[in-house]
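Here the structure comes first, spelled out in structure tokens, and everything after it is commentary.
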Amino acid sequence: MSFSGFKEVIEEGDTVILYIGVSQIYALEVKPKVINKNGQGVDNVFQTKYGSVKVMDLVGKKYGSRVNLSKGWGQVLYPTPELWTITLPHRTQILYTPDISMVLTQLEIGPGSIVCEAGTGSGSLSHAILRAIGANGKLHTFDFHKERVKVASEEFIRHGFGDRVIVLHRDVCDEGFGVEGVADAVFLDLPKPWDALPHAVSAIKTSGGRICSFSPCIEQVARTCEVLQSLGLQELLTLECLAREFQVKSISLPRVINGQKAPTHQNTHVSQEEKQPDLKKKKVEECVEGAGSDTNTKSDEHEQIAAGNKGQQGNGDFRFTTGITQLKMPGHTGFLTFASVPPGLARNKLSCVA
């Protein structure tokens, strides 16, 4: 029970994050025994490339403490939905933090919100929603896969979310959500979200709410938008969250005078002061000391000259720092389509475009 409320000291039954490096982050459950591949109960010892960790030895330590390994060390961190997203056992494809943050923002999910989620999957988004809605909120999450429902339900209870989540085995496309007029927001992660949209609208409060559909293909988005419009929803918006990496590099360009490249002798001339910056600095200081009342004026002139020459190199080229994007950048996970259910929308006339 460590996700639902912060505490300083690790206790038995907690889930902790063992951080060794950027690419080596693990979620550990603090319990005395684990089941091995042969189905036998053995001591809970976690193996890493830097040595082993006796998990029960973490009990009593403070979150953030250093853990010594035989060939190195790591740190035990307090679990958050963001850390859980990158360490959870994958039962399905998951949503990552950039998409999750956009979903929570656009659906306006906050403390006390009631949310319906179709497609529990591995529970990545579910954990973020459960933290956002707080103790007074409620999450109704559904999945058509019976085993995933069982595992997710047990996971939520272990993490301290049992009192704010309802996990059900249900095909919402055929059976609906089983609730009407109670949800502030509905999230759909389904192969055919348009089949579930009439049920999603029925689940939204009569005072209105927000709906989001996650789809990997733009063809799915197009059909979803058609159905959303036919149902009378408004403020349709489709987003794609992509991470763009910039490489910082220094670029040199030749100086140009009156549209022509500067002559070679100007490009190659390097003064003695440019070769020896300390000599130039010494001369400037001597001028400043001998100027008397003109100190401020000389200093300002020196700063203006330095600013004008900034970026120029001894060979006459102009050198500056810029950011360059990669030609090919991975990162596409899917499209997020949002829509608003207006207050007072007639629910008895809901129909779906075939």
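Each residue's number is its place along the chain shown, starting with 1.
Cβ from N, Cα, C; glycine included.
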Further binder of S-adenosyl-L-methionine named by TrEMBL next to S122, G123, S124, L125, D143, D171, taken from the candidates D57, D184, D189: D189
DSSP-derived class (H/G/I helix, E/B strand, else coil) of D189 (S-adenosyl-L-methionine binding site): coil
Intrachain C-beta neighbours of G123 (S-adenosyl-L-methionine binding site), sequence separation six or more, cut-off 8 angstroms: L88, A152, E155, F156
Cβ packing number for S124 (S-adenosyl-L-methionine binding site), 10 Å threshold: 23
